[in-house]
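Student: Sequence annotations record features per position, and here TrEMBL assigns compositional bias 'Polar residues' to 17-34. The domain 'Amino acid transporter transmembrane' annotation in TrEMBL covers 97-507. Sequence annotations record features per position, and here TrEMBL assigns region 'Disordered' to 1-45. Marked as transmembrane segment by TrEMBL: 117-144, 176-199, 246-267, 287-305, 336-357, 377-401, 422-443, 449-471, 483-508.
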Amino acid sequence: MEERPETELISIPATPRVSTPEIQTPSGQRSPRQGSKEAKSSNAWTPTSFISPRFLSPIGTPMKRVLINMKGYLEEVGHLTKLNPQDAWLPITESRNGNAYYAAFHNLNAGVGFQALLLPIAFVYLGWSWGIISLIIAYCWQLYTLWILVQLHEAVPGKRYNRYVELAQAAFGERLGVWLSLFPTVYLSAGTGTALILFGGETMKLFFQIVCGPTCTSNPLTTVEWYLVFTSLSIVLSQLPNLNSIAGLSLVGAVTAITYSTMVWILSVSQQRPPSISYAPLSLPSSSASVFSVMNALGIIAFAFRGHNLVLEIQATMPSTFKHPAHVPMWKGAKVAYFFIAMCLFPVAVGGFWAYGNLMPQGGMLAALYAFHSHDISRGILALNFLLVVFSCLTSFQIYSMPAFDSFEAGYTSRTNRPCSIWVRSGFRVFFGFVSFFIGVALPFLSSLAGLMGGLTLPVTFAYPCFMWVLIKQPTKYSFNWYFNWILGWLGVSFSLAFTIGGIWSIVANGLNLKFFKPS
C-alpha cells in the first residue's frame, strides 16, 4: 500500500471566505472588533487567544496549519456572536447584505430633503455672517456625532446596537433611555412622514397647475385630495419588505434631491433679483421678538441636519465579522453622502438668500421660485423641478417610516413569537400611512414647523451621541475628550430648549398662518 505524505493526511484547505451567520440568521450581536483599542488593551480570553505564536512554536507544522486555518475561520465568521432569531423577522435587520453604496444612498436620501429648501428663511433673521457661521458649525457638529454613532454601533463586545433606542438604553439605562430617546425618534419618523405628505401633496398640486397652464379648464383636485394621492403612492411603495430592499428607492431619492437642489439655486441666482431686495436681518418691534426669531432660525438650521435617528438602523443592515466590522463600510458611505449633502445645503442657503434676501417667503425656495419667476422660467423646467421634489419626498417617506414599521412588527412578533405575514405587514404600513395623512389634515401647519421640529429633535443629533460616548466609552475623567463631549452634550440640550421656545413663539406670533405655498 502506497504511503501518502503526512501533511496530506491531516491538513485541510484554507477555509474560503463565507458569509457571516448574521446574513443567514440576522442577529443584533457580534464579537469585539479586531484592531480596536479595547481589543488590544483587553486581556480577556477568546476562543482564538490561545492560538498565538508562543503556543504554536512547539507544535509541528501540520498541526500548526490546522490551528491557523481554524483561527482564520473563527475570525471570519465572528466568534462569540449571539444570535437573536427575532431580528430575522424585522424590517431593519431582516437583510444583512448592505454595503458602503447602500449606506451612501440611504444617508443621502435621509439627509437631503424639503428642509434644505427652508434654509434661506433662517438667513433672513441671522444675516450673512451669522447664517453662514451657524450653518458651518452645525454641519461639523453633526458630522462628529455621526462618527460617534457609527463607532458606538459595536462598542460592547458581543453586541450590536441596531436601533437608536437600544443604544440610548445601554448608555442611560433601560427606563431613562426609553424616556429620553423614544419621543424624539418617533417624532422624527412620524412627524417627518406627516410633513412629507403635506409638502409632497402641495408640490403635486403646484406641478399640476404648472403643467395644466393658466387656460386649463379641468376641475382640479383640492389640497386634501392631493394629500390623499401622495399618501396612496407612498403606501404602495412602502410594501417593499425591509430597509435593504429600498436601496434602489434611496438611490432615486438621492439623485433627485441633488438634482432639484442644484436646479433651485441655479435658477434663482440666474434670474434678476427683486428691486426692493435687502440683506439686513429683519427688524422686529421688540428685542424679545428678535431673540425668539433668531432662536427659531437656528432651529431651522438644526432641523436641516435630521437623520441621525437612522444611522444605527442603516448600519444594522450590514454584515459584520471579527475581521470585517460594519463600521468600516458604513463610515465610507456616510463620508460620501455628507460630502454631497454639503454640496446641496450650502449653495441652497447662500444662493437662495442672495437671490431673494429678506423677501424670502415662509414656504422657502420653491415658494420663492414660483412667486417671483413663474413667468420668467419655462414651464417645462419649472414642472421638472417640482416633479423631482415629489419623487424625493416619496422616497424619503420610505426610509423615515421604516423605524415605525419595525416597531409595529417587533410588537407583533414578540407577542405571537412568529414573523408577520404579508397581510399583517401590509396592514401595518397602510395604517401608518393613513394615520399620518389624518394627522396632516387635522394639523396642516405641521410641515411648516421646521424651527420647532429642529428644537424638539435636536438632542438626537447634537446632544445624546456626546453623552453616549462618555457613558459607554468612559474616557479618562477630566481629560480633553471627557470635557469636550460633556460640554457639547449640554450645549445641545440648552440649544434644544431655546430653539423649542423660539419655534413656539414663531407659531404664536404668526397666528398659525403657516401655509407652504402662496402663489400669486
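Yeah, the Cβs are placed from backbone N, Cα and C, and that goes for glycine too.
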Student: State the residues, same chain only, that lie 6 or more residues beyond the ends of the transmembrane segment (483-508) and have a CB under 8 A from a CB inside it; answer 'none' if no residue qualifies.
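Tutor: Residues packing against the transmembrane segment (483-508) from afar: 141, 144, 289, 291-299, 302, 445, 449, 451-456, 458-459, 461-464, 466-467, 469-470, 475, 514.
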Student: Does the transmembrane segment (246-267) come close to the transmembrane segment (336-357), meaning at least 3 CB pairs under 8 Å for residues 6 or more apart?
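Tutor: Stretch pair touches.
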Student: With a cut-off of 8 Å between Cβ atoms, can you find at least three pairs linking the transmembrane segment (422-443) to the transmembrane segment (176-199)? Only pairs 6 or more residues apart in sequence count.
Tutor: yes
Student: Where among 246-267, 287-305, 377-401 do we find the most Cβ pairs under 8 Å to the transmembrane segment (449-471)?
Tutor: 287-305
Student: Counting only CB pairs under 8 A, let me know which of 176-199, 246-267, 287-305 has the most with the transmembrane segment (377-401).
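Tutor: By the under-8 Å Cβ criterion, the transmembrane segment (377-401) pairs most with 246-267.
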